[in-house]
Each structure stands twice: as C-alpha cells, then as structure tokens.
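Below is one structure; the comments refer to it alone.
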Amino acid sequence: MATIDIIILAMIGVGVIMGLIKGFVKQMASIVGLIAGLLMARALFGIVAERLAPVLGTSTTVAQVLVFILIWIAVPLGFAFVASLLTKALDAVHLGWLNRWLGSGLGALKYMILIGLAIHVIEYIDPNNEMISATKKKESVLYYSMRDLSGIFFPVFKNVTEQLIEI
C-alpha cells in the first residue's frame with residue numbers, strides 16, 4: 001500500500017469518526033444548510049440590502065456584502081438548530097444508533113468527495129507531476145478512484161445548482 005493510500009484512508013477514517021460523532025441528521029443539515037444558505041444569500045442580498053442600507057447609514061454595496069454574509073451564516077445555523085432538535089428526538093425514541101451509523105457512512109462519502117476535489121485541484125495546479133510523481137500516483141490504489149468518484153458528482157451538482165438558480 002502506497003503512502004498516498006494511507007493518507008487517503010486516514011482522511012476517510014476522520015470522516016467516519018466525524019460522522020459517528022455528529023450523526024446523519026447533523027451531517028446532512030450542514031451540507032444542505034451551506035448550499036441553501038448560499039442560494040438564499042444569492043437570491044435575497046440585493047433586495048434586503050436596499051432596505052437595510054438607509055437604516056445602517058452605509059452605501060448599498062457595503063450593505064449587500066453584510067447581508068450576503070449574514071444570510072449565508074444564518075441559514076446554516078437555522079438548519080443546525082433544527083438538526084439538533086431532530087437528533088435529540090431520534091435519541092429519545094432510541095434511534096440514535098441508526099443516526100450515528102448512517103452519519104458515519106455520510107461522513108465517509110463527504111470526505112471521499114472532498115479528497116477527490118483536492119486531487120482535482122492538485123492535478124490542475126500541477127500538470128507536470130512535481131508535487132506527486134506520476135509513478136506514485138500509478139502505485140496508489142485509491143488515488144484515481146477518489147478522483148473518479150468526485151468526477152461523478154460534479155455534473156450533478158452543476159445541474160442541480162443551475163436549476164435552483166433559475167427558480
């Protein structure tokens with residue numbers, strides 16, 4: 001097993017542990033909250049900033065930046081609050097174990113996608129294989145698998161985002 005594989009497995013292990021700690025509901029809420037927050041901030045920052053700029057006594061541009069950041073922070077916090085309540089409800093009905101096990105799977109998947117994204121970035125900024133040699137990449141069992149896994153999700157993310165932006 002190559003050093004790259006050990007690093008990749010360690011990172012996936014971190015994802016599994018984080019998933020076990022947080023649980024499926026909180027993991028999903030963090031992912032959906034960030035995406036929903038970004039989309040809501042993009043859709044609402046102009047309208048809210050126009051009304052808020054006179055109240056704050058600042059220019060519309062400053063208000064737009066502040067509103068965008070506030071919305072992008074507030075929406076995930078709202079999702080996190082609801083996820084916390086749902087997690088407590090699942091624990092109360094003795095389904096916390098299921099939440100944690102599903103969370104470990106989602107945590108592993110999330111970290112695998114992030115690793116694949118990092119590999120895409122490395123290959124983009126280092127086309128001459130100076131950071132990681134081509135030989136080490138070929139020796140690795142997981143390097144190209146992680147890259148290909150994340151490549152599956154990029155078109156899906158792009159299509160969903162374009163559809164949501166049109167709404």
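Quick reminder: no glycine exception, Cβ is built from N, Cα and C everywhere.
Per TrEMBL, the features are:
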{"type": "TRANSMEM", "residues": "6-24", "note": "transmembrane segment"}
{"type": "TRANSMEM", "residues": "31-49", "note": "transmembrane segment"}
{"type": "TRANSMEM", "residues": "61-86", "note": "transmembrane segment"}
{"type": "TRANSMEM", "residues": "98-122", "note": "transmembrane segment"}
Counting only residues 6+ away from its ends, which parts of the chain sit with a Cβ under 8 Å from the transmembrane segment (61-86)?
25-26, 28-30, 32-34, 36-38, 40-42, 44-46, 48-50, 52-53
For the transmembrane segment (98-122), sequence-distant contacts whose Cβ falls under 8 Å of one of its Cβ atoms, 6 or more beyond its ends
8, 11-12, 14-28, 31, 87, 90-91, 131-132, 143, 146-151, 153
For the transmembrane segment (6-24), find every same-chain residue at least 6 residues outside the stretch whose CB is under 8 Å from a CB in it, and list them.
30, 87, 90, 96, 98-112, 115, 140, 142-143, 146
